[in-house]
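J.: Could you have a look at this structure, given as structure tokens, before my questions?
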């Protein structure tokens, strides 16, 4: 049974703080193992990757077979039904249309001193996309990672996906093809991350690695950070639904369960102004848990981390939501815009009763890679900007240098950086000659 | 003596690769010490911070004296000369004007399906700024970190700066005041980072920590990453100057030295199409190294990591520069715009002979916190965006859900996430009733 809290009770603050700080995931400490794997790949390259893939995925590869051939890809993709292909293409087109609007603008201007200033955005040259194997191998994640990279203009996008026992996932390969992925390797784990970061004879190194993975992948990404860029390290998924009584309890129950079915560590929270509605949703969850295919996972998540919070009003809901900083936030209330305006920290907001969070997972358009574990306080979902970087530009004219150079000389002197000052002084002297 | 390389020689590629991969910094492994310090601050709060400050900075504090009082700040600032204050204010105004233009735009639109989509940017609520003590305590760094945070709209900006033996740095305090810093604490090291990340009775926790620091500070930032956001971990500074023969060798020599004087691990590289000019610059560097105040540091940097590379043409220079991905790049050539257009990876570009890099350190306007160690391949200098985050927005209408919902159902089914699909199905069923 999930926790039932009432924000008007005296003991609420303590219970809510406990909910906020509950540790939902105990990652095994695999750091030493991962360090060894990375060192092995750096030392032996392809040979290490092949040996580790044999060990973990039970397939024997050669350097030539690390990369999945165009023929193998075409053959796998042939098995995809027309309906699945159409759904993937609809999703891809919508995700591309949304992310196209994120392309940042360059700027240059001349200021009062005559100095020309500005910046310029450029794509990362090469990016690597990690895709998990097995049950968590989601074609939608391929779209969500690959499309922003291609919209950014990344010229070379290399994907790695482990194929335990040699089994390819046709939908994952089709999603890669639709997204414009350039190379696909049948490898996974820390060895794949190491190969992408440091390169081997067969796999050229990349500059940035994104995509979800297990504890080994997460530890490897942390370790190669600095050598390459990485995206965030994602924790278990979360949803907060704020709903008034004027909702179908079944809709809300299914929205809560669609997070809970991801993972036993996932967290689903309902916040509502109506205690009767809270009970109705809770009952509907219990009913669905009798038949849901993933009821074991969803049931454990709901029991261990689920919560139903009754609040006196929506202002209170907004304030509590900002303390949670949820990854996904549904606003199923009469005026979702008014409530949304009070939200300062959330990964993604879903407005109104016709916008189930699952739409955002697949076909809405916004990215489904979002900040978890309260990190929406300081970070954003994946975007085109994650695959670009900004170079700042400055050009002084003689007049501009005369105008602002003396202040630079003064500050350099106050910081005891003499050569800094002299580099300005020498130029001003020449200008005054 | 720095390395002299010639890009037209047969052995160049090997020498250039060695230059690219040279390890310039051997950070001491302080991770275990830092883990203990963080655990101590989490367990004992103010008491731990006070004890550690007594040990490392040789001053005895109380909880009340952790924060530098307005009186102490005013008294210290009184010592600053009018000229220094004016220089700081000029710098602050120019930095603010540049960063004002970085404020991102919100967006919402309705697409063909009738879905309303968009995003909204919000500032981080509270940020912490680390400022080193002693020799590397630079007022310009306070401006470069604090002003983007305040332009972003960060409501609470807390600064920490160690004061070894109790000595306050008036210019650092003035820079904080000019930038709008809200609280200043006289603490440093890993204990200050831990206090900002986890909070103590006296110091409220923040959501994001930025600013440079020594190996202890860097290790602490790595450890608290996830609990809070952090900026990049900066390595030693670097400059690449690309210059044709039509330059004053003295200007270029001073620009190279203004990086070299930062740190024995700094790196200054000259790339030029003219071997005679290369020699003239090298001679000028040697001449300045006889008298420069920081000649010991600058000399060691130039000797150990400096390089002078002769290239056959500027196209080659651009290609080599992109492999270096320099933090600072000066283009002292007849047509800097044409050369700049070929640059794909650089933290900051300085165009033409009247733009010494030192202008960018102080008064140009762009940020001087820039990606080092080739990380300009995948990351950018500090900006207003580092203190903001984006929430994505989506709202389906019944018509939009009818249009795109079935594709979501299909994809949910292909990923075996039944509740995801049912959350859409239940709504479509009601709409069709």
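From the backbone N, Cα and C atoms, a Cβ is placed for every residue, glycine too.
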J.: Based on TrEMBL, name the residue from B:179, B:237, B:383 that is recorded for the same substrate site as B:259, B:262, B:328, B:361, B:415, B:420.
T.: B:237
J.: Neighbour count first, Cβ atoms within 10 Å, every protein chain included; then name which of B:262, B:328, B:420 tops the list of binding-site residues.
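T.: Output for this query is B:420.
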J.: Just checking, which of B:191, B:214, B:237, B:259 (binding-site residues) has the fewest C-beta atoms within 10 Å of its C-beta?
T.: B:214
J.: To the nearest whole angstrom, state the Cα distance for the pair residue B:327 (active site, proton acceptor) and residue B:259 (substrate binding site).
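T.: Residue B:327 (active site, proton acceptor) to residue B:259 (substrate binding site), Cα-Cα distance: 11 Å.
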J.: Quick one, of the recorded positions B:327, B:361, B:415, which Cβ has the fewest other Cβ within 10 Å?
T.: B:415
J.: Quick one: of the binding-site residues B:130, B:191, B:214, which has its CA closest to the CA of residue B:262 (substrate binding site)?
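T.: Checked the binding-site residues B:130, B:191, B:214; minimum Cα distance to residue B:262 (substrate binding site) goes to B:214.
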J.: What's the CA to CA span in angstrom from residue B:361 (substrate binding site) over to residue B:130 (NAD(+) binding site)?
T.: 18
J.: Measuring Cα to Cα, how far is residue B:191 (NAD(+) binding site) from residue B:237 (substrate binding site) in Å?
T.: 26
J.: With a CB cutoff of 8 A to chain A, go through the recorded positions B:130, B:327, B:420 and name the hits, or write none.
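T.: In terms of proximity to chain A, the recorded positions that count are B:420, given in sequence order.
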